[in-house]
């Protein structure tokens, strides 16, 4: 606020208004400034607080002013005066018994006389207390609360020596002190703080109004609010309480006297001392809390007193009360609050919508409303309620069509009291959030309706006594009809769904279950007709009663561990039947076909033979259909059979089969051609618990294989006899209901009975499965147990359909309880395959327990698969050939095993190593030990083998590695030891491969110490690199340490040629914070690598920099916007200040600065010489002219300026000394002397203080006194002498200053020279010559140091006070020494700069340019063919190198071009490979299409065959039906005639010619299937070639990728030479892998071809069987022979085709491989050349970089480094050639092994 801060405000007319007046306007405190400030118009009360005018509160209230003591109040009282002594009369009489009257009673001095009056002789009246009374009280009692601002008391006598002012705001009940006044505050009011007050409410004691002067008309003034103290909140309650008063009291506590009353107690003396007060002014105003601008007389106060400040406020802002301290009656919506400036805090009217005229304020309501409204209306009318009468009373509601202020806004509710809540109460108003609708009745829980007059749906019986209104319908909701009321609203009767019953609709009808919300209420039980015992189910769960081991709600599922038997479950195998001389034909099962038989195989039944089946364990008495499974021997074979059922006894008439006649047990059957199952014409009735014998007899058979070849007859093959229950006779099919008829129709339509015809089960229609399950449950009374054999099955559970268990390998049977044909050894692991050798065994079957195969002559073993001991060459076994020195040989190769007598070889035909001789000779061929020098087994045998020389007949030893000599008796070069001693041997010298193995002196022959280490190694084993080298000595890879001198520790790297790095890794010893193998770069977040002392931290500001990194050369951090400086901790460029607070732009005159950046902390501009000023915009001291043309002043200015500056300095020092003397006294520099004198004076005092003073003490005192006087004299003389010396020193100092002025001018000139040199250094600093830069920097540091010393010498000022007389001499010596040193340093700097300039001019780039660009570069760029440094082409790009230039740049460009060319070649090879891959894919696609066409032809033939068979079957069934019809007894002639007519009407859909032609086409198609072999053989060849081409393309692509990587390596020029060797080794490994892949592919091709051949042969065999023109089958032996010959032919054909495919594949693979290999070799040669060139470039680049860092001194060493690298590359090339030769030998060996494998040689 302005008045609190001391800022002047302005009034209405704009005049300056002091803060006192503003405070008066705000707080009614105008008295303090009333005398100084004229009255202003007080603003109205409409915009804020308003206050009444301020005046004297005593006016009109004289009767309310009292005093505790008044003179002459009871009788006249004399008094005297002490002032106006010139007057004759000194004593007077006081008579205050009557009021004062100037004419009648002028001696009355009552307290009412102090009220201000403006009479001309107002000093004639005053108040006076009684004589000598010190404690007097003056008190004003006001009729109301007032604001009190200040008081003024004017005394006629002395002002009181002590007094205090008090106030009361509660009409005198409590008092508080305003201020204490006292001449002696400590004595009168102890503990009260002294004035001035620090805070506006401090109670202090003030002394300035209690002085004894003046003796009359002295004033005491007190202001409540001190204008010098700021007030934070003028509207605070503490300020208001401080100003508010109802009573004011002044306590006078002590009189001022002249002191005579203390010595003379007479009454006359006391008559002079009393209190007399001319005037008392108490300023204030009516206290209205800012709610009134005027006041009226209070009750009982005079109404027309002129100038009276009345006490009753004329309230505004809707307030009332004497002080406006309350709100008006109907304005209680807000809490009462004093008005404030800018806020009236007016009381707000209550909102009662016209329904009330009174209200009250409720603070709780106000707080709950968020301090918005607190008024509560009282006595709401018109049926309203609420705080604002805004609601309707209970049982009334708000009419939405009328305004709330309408008296008829609330209407009575219209609700049925029986069905509504609260006796008919409705919603009083609308509220969408709460769901209230005005006038809406609130019904009971079970009542609805606009008036709540009816029951809710589902309830009935409306009653007023029911708290919920209605009763709930006792109906089950699930069984009740939906969509309406569930019961009658009056009676409660329930409405049930169609399938629901019960009083409450809570039960299902019989045969139904699951009461639910469905449309019908319940669901049918739908129990399975066969799996359930009863059609009724559980009403709650729907569970039907199941037969044994049937589960599911409907009993339609089989329990786990049980199964539903197939219709052919009752099967009896022919192999287990009885008969005379029955021949069992076993049949092997292949993995590629589904068996068409059951059991082991078949029984051959010849004409006239009989087989007997024993039938037991039947499940049910019923009719069973008889099925006979058989297999014809020729395609058109037929047979006639007779089946006789032999019962155990006569059939009882009461049994289920009582209707059976004896002739019914003899049944004739006919086996038709091309059928596999015979269904006998009629079923037989059998009963459980009985044993039946069914005898089957073959009565006749016939057929032919060719029209010209009659059938010779070989019987038929019988598989099994099946008793299939005739399920159609079951009640589920034969019942007369609609469900039974539908089940029968479905069973017949989908031919569900065909499940039991064939052993192989095809998927049935989904409609058959539930019917078969039900029928099976009826026949077998539920499900049957699996009974899986625990040894032969994988699980105890079986297939629920049919009961087939999961068998282990080689195990068959439903229960997995027997070995399959061709397997043996039934046990926990299943059965093992016989695996009889087809070459050595007579049959593929073996004995079922032991697995022994039936061997041919000469074969041996369990599987007849090898020769006997001493023979080989299975199956053509022959004796072993071992020269009598072995008993066994290899069964396949014939190589002898376990040769004796030191022999070896395949036939024991040679001696083993270490022996010699010829064991093939019958005599004298023994193997003898080699004498090298002793034989094997001794400790001195050092040869691998030996032989006898044919010419000299001497034994020649083949020494082991490390030995030499005729008998291997000496150590070879590179080895050491003494083999001549027993146990001695030669050992390889452990030299880590770093010696010449052919050098005899490479190592010591006795100790093995290495003597001639190679490859920069040393040590006793050449196992360490020499000092200055690093690497792995064992790998011959010691390289010279390449350390950057700038980043390397100089103690570990004194020179470039001798740097001690880590011998293993080559890591150089880096300076602090330097990284890199060569110490050539700073660590992250460090910079200044070129300092030679390590790198410095970036120290980037953590928040003002973008990151911790900086420029590695300049150290500049990457700053955020708005920040600058090296570390981003300063303001940005051309700014200054604290970046954390504010940055300001540099305000510098660009004409007067030497750099644009000002001082970053102070903003001072950096002025050029001769310029000064804050902005560098004026001439400096010592310069004249008009800026910017500033010129140095005359030379005399410097002398006079020095004198002036010296005088100014002396003046400042003298001023400082004066301040020190003022603070510390006169001691100063003579403090020690004064302390000495003080000590002696102390001794004198001690002597004087002594009681017993002796003569000696007195003499000692006199002596001390004389000593003191002498010391004082000497000190005075010393001071005089020092003052004279000081004058001399000042004179000499002036002369020295004059000399220093000249020296300063010289220093300025030197600074100018140094700046010029600094500019030259900046120019040289941007060059790339580090050595020159270091020298210049060193010189610059020396120059800087010299400048610093010169400046120190120039500006040093000696102190004349602290130094003695020799200061001048030392100053002259110091200046002389500095001048000589400066001259010497300056001369040295000039000489160094001269040398540096000369050296800089001699530096040439021609050598470097020639090495890099190929030309010296001394010619102009326009004529230079190779360019160079600074040359650019037409496009502005740097030009270096070109055609005919042999520099490093040209060489690198050439290598880059070659690499790109290589990359293009590789890309082209990849494109070609992609083409090959596409052709391979096309070939494979064509092969697959051919195979698909062949398969389609085969499928079509099979389909045609199936159609023919189906037609035949239908024809046979038709004939059989006709026969059955004709044989029936009830057939009448008309029916027979009708059937005959229909039979005759049947027409064949084709003529005999069409049938013949169709048969010919089928035969032709079948014959054409023979070409499938050729087609697929060619196709397989194409596939193999395609796969081989694909593999070749993939290998070529992989190698191309390898070459591409190598090309990228060359292009980058960063890989090592060893990568070439690694790539070559990888190529060799790739070739080996490719060869192995080729071998595996060949094997896979052969396997696939063999499988395809077998499949085609099988297809051809089946086609020949189907062909009508095939030859008839021969006898079994002839058939077996034919099959064997056919197999041999097939094997031979397959072998020939394999050889042909192998030949073609080898030719193609060989050609492709040679092509790829040649291409890879060419690419490898190019890559090796490019790598060698890249290695050369890298070494040259390293040499150039190192030469530049070492001041171009190592250019001579590049040639040596190049030659060394050339030699190393030659070694690597030789190693690579050796690896390539090794690769070729490995490939040859692999090819040889492949050939051997393919030819089986």
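Including glycine, each Cβ sits where the backbone N, Cα and C put it.
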* coiled coil range according to Swiss-Prot, out of 1211-1258, 1259-1306, 1307-1354 -> 1259-1306
* **Per Swiss-Prot, the range holding region 'Domain alpha', considering 1149-1181, 1413-1445** => 1413-1445
* Asked: Does DSSP give residue 989 (disulfide bond) helix, strand or coil?
  -> coil
* Can you grab the distance from residue 864 (disulfide bond) over to residue 313 (disulfide bond)? Cα atoms, rounded to a whole Å. => 141
* Structure fact -> Quick tally, other C-beta within 10 angstroms, 537, 807, 1003; top of the disulfide-bonded residues is 1003
* Secondary structure content of the domain 'Laminin EGF-like 4' (473-524), with strand meaning DSSP E or B -> 0 helix, 12 strand, 40 coil
* Roughly how many Å separate the Cα of residue 957 (disulfide bond) from that of residue 986 (disulfide bond), to the nearest whole number? -> 16
* Structure fact -> If you measure between the CA atoms of residue 819 (disulfide bond) and residue 1088 (N-linked glycosylation site) and round to the nearest Å, you get 89
* Expressed to the nearest Å, what is the distance separating residue 855 (disulfide bond) and residue 831 (disulfide bond) at their Cα atoms? -> 21
* Say you check the Cα of residue 251 (N-linked glycosylation site) against those of the recorded positions 288, 930, 971, 1088, 1158; which is nearest? -> 288
* What's the CA-CA gap between residue 288 (disulfide bond) and residue 371 (N-linked glycosylation site) in angstrom, rounded? -> 24
* Other CB atoms within 10 A, centred on residue 819 (disulfide bond) -> 24
* Structure fact -> Rounding to whole Å, the Cα atoms of residue 831 (disulfide bond) and residue 971 (disulfide bond) are apart by 66
* Structure fact -> residue 1158 (disulfide bond), DSSP three-state class -> coil
* Find, among the disulfide-bonded residues listed as 930, 946, the one whose Cβ has the highest number of other Cβ atoms within 10 Å in the structure shown. => 930
* Hey, what's the Cβ neighbour count for residue 971 (disulfide bond) at 10 Å? -> 26
* To do: Between residue 1167 (disulfide bond) and residue 1158 (disulfide bond), find the distance joining the two CA atoms and give it rounded to the nearest Å.
  => 9
